[in-house]
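Data block below; observations after.
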Amino acid sequence: MRVVVVVPRKYWVFLEEELGLVKTIYSDIVEVLKTKGSPSGTYLPREKIEFLRGSDFDKLIVMDRLKPIQIVNLIKELRRDVIDRVMLILEIFAEHAGSKEAKMQIELARLKYYIPLVKEAIRYAKIGELHGFLGAGRYGYEKYYLMLKKREARVRRELEELRRIRGIRRMQRLKAGFPHVAIAGYTCAGKTTLFNAITGLSMLVGPEPFTTLSPKSRRIVYRDASFILTDTVGFIRDLPPEVIEAFYATLEEITAADVIVNVVDASKPIERIRIELETTREILSRIGVHSKPMVVALNKIDLVDDYASIASEVKVLLASNETLIPISSVKRINIDRLMDTVYMLVKGGYQ
């Protein structure tokens, strides 16, 4: 599928990362348009709409959060499919959803996002300004809207039950006296590779964002300590609230943790590392995680020439509750040192 990507000014500095998100699903990018963005009903200025009308592509991807009216207006103007950054991220999540819970979480997030869009389409259809959107007329939209609302209620009920079961399991772990260590951090930083290095498992890893959606937990015995280690979903800048809400049951594995291992990619420029650290802290704060002991695992040091100098720069960025350990999950460099640090934090909290 041939796509045109629109990138707003606020993401120009992250252009490579934004296009990387697109390429996770759509490899054939025929045009990249930069824009300042607009609060107008079409988001794009008239000259860009006219340009797109004469372009050969199948789908427009706007790397920003659009209002339902803007999506409907762009579809109406261009007669092509239009998605925004939130829809794209949800598509990527759907692509990687393996477990029943992950699939349902994604479905709920998509329903919550698409229902207002269909509602806007109904409004347009009633005044006769929309024909063929979603392949339905006015009454088709209304029927579709009611079906989506019923499905949303059903998925929400089923997820609440799964969340209840997960909560019971979490309480059982607590009653058994096992501390909980959660691996978190920015997407593609190497969280699952670290999980595999510690557990000896071969869970799916990949360069694509959000390879891990369902948390995986294993009991770890290290020296005279036993704890539960959990690999969790990766973060990204401006993670949509719909995703955080839908994945709250999964993210609760982090909120319940006694120690968090925040995996950071050492091969990135220091400014990107700073932004990713801030992004992780901001998302953790949004889910209610404050001042927990945290080990910042500066991963992929095998890919850099002088990791000691990078570590010195990163250390300046750390908060008082964060401890830095440079590692390579692939080469198993400093994994024992990381485990020693986790061990001390776990034992300190459970003495």
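Heads up, residue numbers simply count up from 1 along the chain you see.
Quick reminder: no glycine exception, Cβ is built from N, Cα and C everywhere.
Taken from TrEMBL as is:
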DOMAIN    179-350  domain 'Hflx-type G'
BINDING   185-192, 210-214, 231-234, 299-302  GTP binding site
BINDING   Thr192, Thr212  Mg(2+) binding site
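Between Val233 (GTP binding site) and Thr192 (Mg(2+) binding site), the C-alpha separation comes to 9 Å. If you take every residue in the domain 'Hflx-type G' (179-350) and average the pLDDT, you get 88. Taking the binding-site residues Cys188, Val233 in turn, the residue surrounded by the fewest other Cβ atoms inside 10 Å of its Cβ turns out to be Cys188. If you draw a 10 Å sphere around the CB of Lys191 (GTP binding site), it holds 28 other CB atoms from the protein chains shown. When Cβ atoms from all protein chains are considered, those within 10 Å of Thr192 (Mg(2+) binding site) total 23, not counting its own.
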